[in-house]
Amino acid sequence: MQTTRNGDPKVLIALDFADEQQALALVAQLDPAQCRLKVGKEMFTLFGPEFVRTLVAKGFDVFLDLKFHDIPNTVAKAVAAAAELGVWMVNVHASGGSRMMEAAKAALAPYGDRAPLLIAVTVLTSMTAEELNQTGVLRSPAEQVLALARLTQQAGLDGVVCSAQEASLLKSELGPDFKLVTPGIRPAGSDAGDQRRIMTPELALKAGSDYLVIGRPITQAEDPAAALSAINASLHG
Ligand SMILES: O=C(O)c1cc(=O)[nH]c(=O)n1[C@@H]1O[C@H](COP(=O)(O)O)[C@@H](O)[C@H]1O
């Protein structure tokens, strides 16, 4: 279920809004052939599964980004619930371990071709080496991302969330079919905000990213549809 009725747009817009009408006003300006949409913890907590169903009904591929991390049984039930919503992609935390990831994968088997892509978060793009060390991980971010991505691939998942700075390493180590979803994307000159391991859209794609998660550089732009068009044009250039 990687290429859908909408083709295979690379940009996944992170809809991180506290106001549903504001989000829907942005969505009304977007074309499902030009982008996919990501619903994360803020909007899901505020507006629930009905908001996700609304986006799916409008014809968008939806990445449900709830980063599940729990015991295997709980995570398996949660990803099956995501599949019931008809989302295109769902994620878990790789640090939940192999058994958790295998249980999530097994829970999607009954959905066959309709199963969402299942990916795992490695090291958050907001984290620096120092912050990682504070959590007890003494490897560098790139080493930890590679270790967690290997675990994810061995568990049979479709890919990982990582920073574009690790994309070329992961593509060469894990092969072309293992999907790399990269947040922390910042067009030249835009504000990094809380992100730390960042890259521009063009360089991220060249480095091997399959999908670019982009939030504020589009959603907070004066003209979000124009910002998306400019990014898409830069990717095709
Ligand atoms: O899983 C994610 O999507 C994610 C993982 C990660 O490591 N870093 C990261 O920023 N994200 C999400 O990607 C989006 C990035 O948004 P912007 O920083 O506004 O472009 C947010 O919705 C984050 O929750």
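Any Cβ shown, glycine's included, is placed from N, Cα and C.
Noted in TrEMBL for the protein shown:
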DOMAIN    10-231  domain 'Orotidine 5'-phosphate decarboxylase'
BINDING   ASP16, LYS38, 65-74, THR125, ARG186, GLN195, 215-216  substrate binding site
ACT_SITE  ASP65  active site, for OMPdecase activity
ACT_SITE  LYS67  active site, for OMPdecase activity
ACT_SITE  LYS67  active site, proton donor
ACT_SITE  ASP70  active site, for OMPdecase activity
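Shown on the structure are the features that TrEMBL records.
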| residue | record | DSSP (3 states) |
| --- | --- | --- |
| ASP16 | substrate binding site | coil |
| ASP65 | active site, for OMPdecase activity | strand |
| ASP70 | active site, for OMPdecase activity | coil |
| THR125 | substrate binding site | coil |
| GLY215 | substrate binding site | coil |
Quick one: which of the recorded positions (ASP16, ASP65, ASP70, THR125, GLY215) have their CB closer than 6 Å to ligand 1? ASP16, ASP65, THR125, GLY215
Counting only residues 6+ away in sequence within the same chain, which have a CB under 8 Å from the CB of ASP65 (active site, for OMPdecase activity)? ALA14, LYS38, VAL39, GLY40, LYS41, ASN91
Quick note, ASP16 (substrate binding site) and LYS67 (active site, for OMPdecase activity): C-alpha atoms separated, nearest Å, by 15
THR125 (substrate binding site) and ASP70 (active site, for OMPdecase activity), compared by Cα position, are separated in whole Å by 21
Counting all other Cβ atoms within 10 Å across every protein chain shown, which of the recorded positions ASP16, ASP70 scores highest? ASP16
Here the Cα-Cα span from ASP70 (active site, for OMPdecase activity) to GLY215 (substrate binding site), rounded to a whole number of angstrom, reaches 26
